[in-house]
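Chemist: Annotations for this protein, taken from Swiss-Prot, read as follows:
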{"type": "SIGNAL", "residues": "1-20", "note": "signal peptide"}
{"type": "CARBOHYD", "residues": "69", "note": "N-linked glycosylation site"}
{"type": "CARBOHYD", "residues": "70", "note": "N-linked glycosylation site"}
{"type": "CARBOHYD", "residues": "105", "note": "N-linked glycosylation site"}
């Protein structure tokens with residue numbers, strides 16, 4: 001009888017955990033990836049916006065994959081980082097290229113951007129050129 005009661009309590013507890021973790025904007029498990037699902041980009045890029053998968057870069061100018069042409073374009077520099085993301089239950093984790101880890105509760109996300117100082121907005125008349133070595137003139 002005690003085993004049955006404990007089993008029922010365990011079942012109720014686990015169903016409560018499942019419903020609370022799936023009520024987040026992203027749900028289920030996501031194995032470590034450099035390329036999160038397209039429908040989750042808005043979530044992942046809102047909280048760590050310097051991840052490379054958040055940006056489309058061409059000729060040194062990057063545009064947000066989430067906000068597109070309605071956002072400010074930025075210069076491709078050390079602000080843009082390779083990130084891997086994963087999710088296990090209610091734990092969302094970023095692994096940034098220098099093996100810096102940021103973990104947050106998926107249901108209570110907090111923005112994190114230590115690279116913001118490197119962000120440089122692109123100005124329309126700004127041109128990029130490769131730094132030439134002396135013998136490349």
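Cβ atoms here come from the backbone N, Cα and C positions, even for glycine.
Are these features on the surface or tucked inside, and what are their neighbours?
Modeler: There are 7 other Cβ atoms within 10 Å of the Cβ belonging to residue 69 (N-linked glycosylation site).
Using a 10 Å Cβ-Cβ cutoff, residue 70 (N-linked glycosylation site) registers 8 neighbours.
Within 10 Å of the C-beta of residue 105 (N-linked glycosylation site) there are 13 other C-beta atoms, taking all protein chains into account.
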